[in-house]
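Undergrad: Straight from TrEMBL, here's the annotation block:
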type: DOMAIN; residues: A:8-103; note: domain 'Pseudouridine synthase I TruA alpha/beta'
type: ACT_SITE; residues: A:ASP53; note: active site, nucleophile
type: BINDING; residues: A:TYR111; note: substrate binding site
type: DOMAIN; residues: A:144-246; note: domain 'Pseudouridine synthase I TruA alpha/beta'
Protein chains: 2
Amino acid sequence: MKNFRLTVQYDGKRYSGWQRQGNTDKTVQGKIEQILSRMTGHAVEINGAGRTDAGVHARAQVANGKMNTDKTAAEIMAYLNQYLPADIAITACAEMPERFHARLNAKGKRYCYRLCDSGVPDVFTRSYVCAWDNRLDESAMREAAAYLIGTHDYRAFSSVNKRFKKSTVRTITALEIERKGQELWISVQGTGFLYNMVRILVGTLVEVGEGKRAPQSMPDILISRDRQQAGMTMPPQGLMLEEIFY
Amino acid sequence: MKNFRLTVQYDGKRYSGWQRQGNTDKTVQGKIEQILSRMTGHAVEINGAGRTDAGVHARAQVANGKMNTDKTAAEIMAYLNQYLPADIAITACAEMPERFHARLNAKGKRYCYRLCDSGVPDVFTRSYVCAWDNRLDESAMREAAAYLIGTHDYRAFSSVNKRFKKSTVRTITALEIERKGQELWISVQGTGFLYNMVRILVGTLVEVGEGKRAPQSMPDILISRDRQQAGMTMPPQGLMLEEIFY
């Protein structure tokens, strides 16, 4: 069995997320596995580095999968791109050592959340941007973001309610807010993220940007470890998995 | 009656073009007129500066229309954006002198055609770019483009077969070919364009870029005034009406 690494770009709009769910093929993982299984003649399972939610996009998701095949990496990439729908593309493929695992070996991830908070949202990027009615105060948001960088227990910023068995401590290495014309781009980089963590972080920052929360209230939210203390979960369409670091 | 100017952005994918056709509302003009007629209580007709074909997009189409209304320009824009589908947006609206006519007063137009001629086409812009299998030689294309700039009879670059009653002389003021990563952007600016002219100009340049035609053959095509001598008509999805000049 050879181990291949795939770099995957997708528009998440039509999909119920990355991760295969039973027999449905409305997942990105399911679509790719189906084609690889047909190509190799045996069941292929792939591991994605980031399990993006329904409606979330990826510019460069990374996955790996083991296959019995004589095809080269370039041939596998061409085969996949021939059969994948137009909203999923393989942008790179490489053979890797047997031990490479896209999720377990990932050292970090970067996400970007796009909001349009002024003017008329651009028609051509509307599927990748969250339209927001109120103009946001990005300097207050930057002040709040500074409290969220570092190594913290982010349990308050996660959707899972049941008691966590595993650690909810993560490290955010960068959290940048940039104005790009009518839009705000919120870029979050870290070692790993809890379920819905980026969308709740952004939702909390948006509430700061609207003046509903003080930037200085961030440490109390972290300390509370209580989901109720953090802000709303932002809708998925503005979120893009940008990069996986190894 | 007040005369309003609208700047219109649209994704042309779902539409059979700008210009209203009978009772169908699968045109951009039809969609806008329908809402303005409901808003004013009388039939409103709008004039678009560029009558884009089915599947062609516009970043800043300009139209004008006369209306009986007490609403301000900002209110009309908000009303339209409230009822328009997500793939059409009004990005500006202003009251104009009675004589302003979006098409008759236009001094020039700029179109841009995007081709992806290498690598895997980007998933997020796939609706606005024409994927091309062969890498194109952009320096040969630039050499050919230089012959096409100026004031010429462009009859060979127009789809209409029947004898032209009106002049087919036009002026192209700029024709630029720029490489943007995996893509070529072909930008054409001129005083006006014949039916399908931009798509045939681009198709001819693409054949030059593939080595099927010599750049030096452009003058002969112009002189022939024969559609058969020019290149293919490119598909609509790569074409964007960028700007109207007054």
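Going from the start of the chain as shown, residues are counted 1 onward.
Note: Cβ is positioned from N, Cα and C throughout, glycine not excepted.
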Undergrad: Any idea what the Cα distance is from A:TYR111 (substrate binding site) over to the residue listed as 'active site, nucleophile', rounded to a whole Å?
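TA: If we compare the Cα positions of A:TYR111 (substrate binding site) and the residue listed as 'active site, nucleophile', the gap is 13 Å.
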Undergrad: Might you list, by sequence position, any residue in that chain lying six or more from A:ASP53 (active site, nucleophile) with a Cβ less than 8 Å away from its Cβ?
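TA: When sequence neighbours closer than 6 are ignored, A:ASP53 (active site, nucleophile) has A:GLY17, A:ASN196, A:ARG199, A:PRO236, A:LEU239 within Cβ distance under 8 Å.
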Undergrad: For the domain 'Pseudouridine synthase I TruA alpha/beta' (A:144-246), give the DSSP counts of helix residues, strand residues and coil residues.
TA: 37 helix, 31 strand, 35 coil
Undergrad: Give the residue counts of the domain 'Pseudouridine synthase I TruA alpha/beta' (A:8-103) per reduced DSSP state, in the order helix, strand, coil.
TA: 27 helix, 26 strand, 43 coil
Undergrad: Averaging the per-residue pLDDT over the domain 'Pseudouridine synthase I TruA alpha/beta' (A:144-246), what integer do you get?
TA: 94
